[in-house]
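Annotated in Swiss-Prot:
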ACT_SITE  Asp51  active site, nucleophile
BINDING   Tyr111  substrate binding site
Amino acid sequence: MMKIALTYSYNGSKFKGSQTQPDKNAVEDCLNFALNRVGIFKPVVSSSRTDKGVHAISQVSCVECGEFWNERFERLKNQINKHTKPYIYIKNIQKVSDEFHPRYDAVARSYRYIIYHDEQNVFLADYVHFYKTLNIQRLNIALKLFIGKHDFTPFYKVGSGEKSTVREIFYAKAYQIYKTKDAKFSAKFKTQKPTLTIINFKANGFLRAQVRLMVANALQACKSDENLYKFISNFKEQKPLTRMPSPPNGLYLKRVFY
């Protein structure tokens, strides 16, 4: 037997989260089914758990399989993808040590949150958070507060059984995308509103729903100077502006670092 790591993307709108479910409608369930079809019967172990509606650009899972597949990873990838398409796509397979654990060996994870400012579009509804307008300067001031090592008790879903609520955020910043080819000109002279706001986070780990709660609070904070000052004051006292997380459809697990 050997252990392999699968790197893959998935459309989270089609599943009830990533972790296996009793009704077999989770990402891991679909992946396990596909592996069973190619003769691999051990269940996968994943690096991160994502909620219903959350997507992944590069999730990592491990599974044990027979030595038959050693040096046949491209063939294995193609075989698995036949059974996971169109909502899960295996991008890479590699052999790892027997001691490797995709969750506990990860040193960092990054997430992306996409906010769409144009008119509502039913074809984008599963992939972005519709939000009419925001102040990018205030948003980045709010996001900067998250950087560093903090107790994120106010920013996670209670009852998820975490041993520690302390996490270290390495990066938290937003940028905007404009329709015009000359985005810098448009941003400088405010000739049009941005189409998208992209928020990127990187940390040594995240609590359940932490990213969505951080986004929700940052969006509340950027509504006005008063809200921003209140958020800054409340953050020191561990009092969030809201306990309602932002919608899951705009969130993407971007990368797991080892």
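Using the three backbone atoms N, Cα and C, a Cβ is placed for every residue, glycine included.
The CA atom of Tyr111 (substrate binding site) is located 13 Å away from the CA atom of Asp51 (active site, nucleophile). In this view, the densest Cβ surroundings among the recorded positions Asp51, Tyr111 belong to Tyr111, judged by other Cβ atoms lying within 10 Å. DSSP classifies Tyr111 (substrate binding site) as strand under the three-state reduction.
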